[in-house]
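Take a look at the structure set out below.
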Amino acid sequence: MMWPPSLLLLLLLLRRGAQGKPSPDAGPHGQGRVHHAAPLSEAPHDDAHGNFQYDHEAFLGREVAKEFDQLTPEESQARLGRIVDRMDRAGDGDGWVSLAELRSWIAHTQQRHIRDSVSAAWNTYDTDRDGRVGWEELRNATYGHYEPGEEFHDVEDAETYKKMLARDERRFRVADQDGDSMATREELTAFLHPEEFPHMRDIVIAETLEDLDRNKDGYVQVEEYIADLYTAEPGEEEPAWVQTEREQFRDFRDLNKDGKLNGSEVGHWVLPPAQDQPLVEANHLLHESDTDKDGRLSKAEILGNWNMFVGSQATNYGEDLTRHHDEL
């Protein structure tokens, strides 16, 4: 589950006429606060019964997998061969596909949705088309242009908008690692998807604390935690799941058992340590395809097990090789 969008994106919804202040969480019971890496595939990992859909989607991406059945087996194998060449060229170019090169390819594939969302944002924010996104451009494209001292004079709840603007600017400054007030594509990616970047971890934690710490003591108390998940209606009996969340707070969130969450504990909650899914899948594909057991894959070994990596009209393939190389 992805980290909730920046408040600037919520503001876009507000300005389009949405009623009321939106919750900073997406998903049931506030679980949108927690960033889990998206699964490589929703399909079962069922190689034992000849179902390689999971591997196809992990190797090529879920959306790409929808295109697989358009190709003949011959076309599929030919295009897989081209992917193999590209994987090796992206690495050391020694004619073999190493575990690291295979992992890098799978990770790159799984990040495509992020690259696509950043490309769309880039087209919106780079208003002067100079190949960079300045803070002024992003601010004006998102909030509208205001003269100094007149910010949000024409909207209701101007103070809330000002806080949102300040919060977005703070996040932008952290993402802007060289401090020139101009975001490169990588820096804009960090701004829009901070959960993907180690140097943005502290800002994700700070924003979560600001959202939940109602008494401003620097901690998240259990009642503040629950208030983010559930608002009781007059006379309403508290649902059983709320008590379960209290137990979750006590048993798993509050690591030092002092009855509250500090910044480190908030970070452990919203940005939990993640399994390296691309590495797990790369190891699996290597194990299943490395016939001479030398710890690397030749092109012949991959093509010899081609139906695990990709498919054909009977299974799948995708648009990876119908896209321009710089899109992949």
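Just so it is clear, glycine is given a Cβ too, placed from its N, Cα and C backbone atoms.
Segment annotation: Swiss-Prot labels motif 'Prevents secretion from ER' over residues 325-328 (candidates 45-48, 281-284, 321-324, 325-328). Note on E187 (Ca(2+) 3 binding site): other Cβ atoms within 10 Å of its Cβ, all shown chains, come to 20.
Same-chain neighbours of the Ca(2+) 3 site beyond D176, D178, D180, M182, E187, judged by a C-beta within 8 angstroms of the site's C-beta center, are, in sequence order, R132, Q177, G179, S181, A183, T184. Close to N140 (N-linked glycosylation site) in the fold, though at least 6 residues off in sequence, lie T127, each with a CB less than 8 Å from its CB.
Put plainly, the binding-site residues D176, D178, D180 were compared by Cβ crowding within 10 Å, and the winner is D176. You'll find the Cα of D176 (Ca(2+) 3 binding site) roughly 26 Å from the Cα of N262 (N-linked glycosylation site). Cβ environment of M182 (Ca(2+) 3 binding site): R132, V133, G134, W135, D176 lie under 8 Å away, each six or more residues apart in the same chain.
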